[in-house]
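Participant: Next up is a structure, given as structure tokens.
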Protein chains: 2
Amino acid sequence: MEQQDKANRHQLIQNWIYQAADHIRSSMQDPLQVSEKTSRKDLVTNMDKETESFLVEKIQQSFPNERILAEESSNQNTQDLNGVVWIIDPIDGTLNFVKQKHDFAIMIAVYEDGIGQMGYIYDVIKDEMYVGIKDQGVKCNQKQLSKVDDTSLAKGLVAISGLLLAEGNEAAKQVAKRSSGVRIVGSAGIETIYAVTGRIVAYVAASLAPWDIAAGKVIAEELGLMYTQQNGEPIQLLKKNPVLIATPSAHKEIFELLQGVSSK
Amino acid sequence: MEQQDKANRHQLIQNWIYQAADHIRSSMQDPLQVSEKTSRKDLVTNMDKETESFLVEKIQQSFPNERILAEESSNQNTQDLNGVVWIIDPIDGTLNFVKQKHDFAIMIAVYEDGIGQMGYIYDVIKDEMYVGIKDQGVKCNQKQLSKVDDTSLAKGLVAISGLLLAEGNEAAKQVAKRSSGVRIVGSAGIETIYAVTGRIVAYVAASLAPWDIAAGKVIAEELGLMYTQQNGEPIQLLKKNPVLIATPSAHKEIFELLQGVSSK
């Protein structure tokens, strides 16, 4: 993807996200229509759907020949990642959006032949726009971010899926104990932001979908974090993945704990 | 404590907190002197100590005959709660302060003969000042807060000490599973703010010290939350307590789970 093409897309994408976020914020006092998807912990609202429709329409108007993989769309007939593919999560952290009105994000990524070219995570309430462009680093609200320090597990906080801990997963418990402490935000996008800004050294997620991963992976890798499946294999972007995002040294430690081959 | 006395104290306390917070924020780029207290997860910094010294000095100047119970003071010779006692936590969430530079709070409470009269939690980075005055409700940045809705455990998010989950505590796991999800902030003050603003329906904390409890208890109880030990007994303010803060209905459910007398 050419430099100029990326620059043109960037202006459009950022604009669309700000417009979508304005709509979400101005609707926050209105009653929400909330439905359960797979369980009472997996929700979708009219705002997820409206936001997705808005973004999909904008993309289709400007890029009619490009495919879109989006969380709330029923026809996700994307069998491969050839050409340009847009991957969007209109509201990442819907449970937080419904219950807290905080800690949710709009996420958009542009992939080309399976390679992440552009990633956007926008924290709607904090008004923080994280933009990662392949080989150009990451900016938050125009300000260039530094590469992350390679902090060890013992010296850092970690985010772990609440479900893993609530299920008593032994490896997750070991990761928690060896870290300085556990934090749980409940939005893959915002937990990825915590990792790229050094607030946590690792994020261990039980099962992330393509739209939970796509934007954050571009952003995290640009800043020197490792972003893999929990077994160390590369992410398979067209399916759900157990994910480990971490600094290189925390990644090595956690990977070993998760594989049960810890030297201790 | 007379109305006018409280009004006078309020102006002073709020002012002191803002001054202390300005100092913390303006020092955030300076190198911190960090020491371990009981473990690598229990830290104290020069900023905790400086902030505490500042607040203690201010209190002693204005109220020389009143006692002070403060986190970092070595001579915490408070054997009873007779008369007016100040209880302060200069930086609640020191680990967050050190590792994240977010999600920490200054907390001050004024108790009289064991009854909480005034409670302050100030989120330094978000610039949110929560003020609870006995029988006068709670304000955040001057705006009066509503009483909390009596939301059930199943319909709400909960905060649980990371340690309880990492240890595989069975009751904590049950609470997590029956809730809509777990969130962990790592600051008792900010987790109490989450409860009073309805972001979570309960906060289950393994062991809180007097300075973790005092301000939040005034604020939480003014808004209709229950604030007790985990066995349902009243808080013993001069020692550490396993704490359960919750809406009335979530309190009943969680209390039963923690006692192992769930009807399920």
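The backbone N, Cα and C atoms fix where each Cβ goes, glycine too.
Heads up, TrEMBL stuff is auto-annotated, nobody curated it.
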Participant: Starting from the Mg(2+) binding annotation in TrEMBL that includes B:Asp89, B:Ile91, B:Asp92, B:Asp212, which of B:Glu71, B:Glu72, B:Glu112, B:Glu233 is the extra site residue?
Facilitator: B:Glu71
Participant: If you take the centroid of the Cβ atoms of B:Glu71, B:Asp89, B:Ile91, B:Asp92, B:Asp212, the listed Mg(2+) site, which other residues of that chain have their Cβ within 8 Å of it?
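Facilitator: So the extra residues in range turn out to be B:Asp48, B:Ile88, B:Pro90, B:Gly93, B:Thr94, B:Ala105, B:Met107, B:Ala188, B:Gly189, B:Ala209, B:Trp211.
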Participant: Quick one: give me the count of other CB atoms within 10 A of the CB of B:Ile91 (Mg(2+) binding site).
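Facilitator: 29, counting other Cβ atoms within 10 Å of B:Ile91 (Mg(2+) binding site).
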Participant: Going by DSSP, is B:Glu71 (Mg(2+) binding site) part of a helix, a strand, or coil?
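Facilitator: Coil, per DSSP.
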